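**Student:** I'd like to ask you about the structure that follows.
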Amino acid sequence: MYLPGCAYYVAPSDFASKPSFLSQPSSCQMTFPYSSNLAPHVQPVREVAFRDYGLERAKWPYRGGGGGGAGGGGGGGPGGGGGGSGGYAPYYAAAAAAAAAAAAAEEAAMQRDLLPPAGRRPDVLFKAPEPVCGAPGPPHGPAAAASNFYSAVGRNGILPQGFDQFYEAAPGPPFAGPQPQPAPAPPQPEGAADKGDPKPGAGGGGGSPCAKATPGPEPKGAAEGGGGEGEGPPGEAGAEKSGGTVAPQRSRKKRCPYTKYQIRELEREFFFNVYINKEKRLQLSRMLNLTDRQVKIWFQNRRMKEKKLNRDRLQYFTGNPLF
C-alpha cells in the first residue's frame with residue numbers, strides 16, 4: 001500500500017482489518033530492468049506506482065472539462081491527460097493574470113521608492129549645491145531628478161547621501177563639505193589711498209616701485225632706529241594725522257623693501273663712507289632708481305643699526321669671562 005504522506009511503503013498485511021482504499025488495480029504498470037529482490041515486508045514498486053487517484057470526474061466536479069474529463073477517467077493515458085488540460089485553462093489564465101498584476105505593482109512600488117514624485121521639487125530630496133555669486137544652478141524639475149539620483153552626493157562631498165546619517169551621529173560639528181572660496185574683493189588702488197600723503201623728497205627716478213619707502217626700509221633697521229638722528233621725515237607724521245583718505249585700519253604706510261641689488265650697492269658705499277655727501281647721494285639715487293630722500297634715510301638707519309651692533313658686541317665681550 002502506498003501512502004502519499006509517508007516516505008516508505010507499507011505492506012497490505014499490516015492493515016488486514018481495514019478495507020482497501022484502492023478498489024481497482026493499477027492502470028499504469030511499469031517494469032524495471034533490475035530484479036526486485038527486496039525484503040518480504042516491502043512491496044515491489046511496480047505494484048503501487050502511478051495509480052489514477054484523482055482522475056474520476058465524480059470526485060472532482062468543479063473541473064468540468066466535458067470530454068476531456070471523461071477521457072481522463074476512462075483511459076488515463078496521454079489522450080486523457082491532454083483532454084483534461086482543457087478544464088484547467090480558466091485557472092491557468094487567472095493565475096497568470098494575478099502574477100502579472102503582482103509583478104506590475106511591485107515594479108511600480110520600486111520606482112516610487114527610488115525616484116521622487118513629479119510634483120515635488122528634486123532639490124528638496126537631493127541637496128543640490130547652492131549657486132555661488134549668481135552662477136546658474138542645476139536645473140530644477142522632474143527632469144533633473146534622474147540625474148540628481150546618480151550624481152547627488154551627501155554633505156561630505158564624496159560619499160552618497162545614504163552616509164549622511166553617520167556624519168549626523170558623529171560627535172562634533174557636522175561636516176559642511178567643500179566650501180567655495182569667496183570672490184576676492186577688488187584691491188583698492190594705492191593712489192586713491194595715498195592721495196592725502198605728500199610725495200616725499202625731491203626728484204630722481206620717480207618710476208621705482210619703492211618710490212614711497214618708509215623710514216625703516218630694512219627689517220631690523222626700522223625697529224632699531226627709533227630715538228636717533230634717523231627718526232624719519234617730520235612731514236610724514238603730519239600727513240598721517242591730517243590724511244583723511246587713508247584707511248582707518250592701516251596706521252602706517254605699506255613697507256616697500258629694497259631689492260638685493262640696491263641693498264648690496266648701498267652696503268658697499270656704507271663700507272667706505274659712513275656719512276655720504278650730497279653729490280654721492282644723488283649719484284646713488286640715479287643709479288639705483290631711488291629718491292634722494294630714500295638714500296638719505298637708509299644711511300641714517302644703517303648708522304643707528306651699526307651703533308647698536310657695536311654696543312651689543314661690546315657688552316658680549318665684556319660680560320664673557322673667557323675674553
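Heads up, the Cβ atoms here are built off N, Cα and C, so glycines get one too.
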**Student:** From the ranges 11-70, 251-310, grab the one Swiss-Prot calls DNA-binding region.
**Tutor:** 251-310
**Student:** For the DNA-binding region (251-310), what are the DSSP-based totals of helix, strand and coil residues?
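**Tutor:** Residue counts for the DNA-binding region (251-310) by secondary structure: 42 helix, 0 strand, 18 coil.
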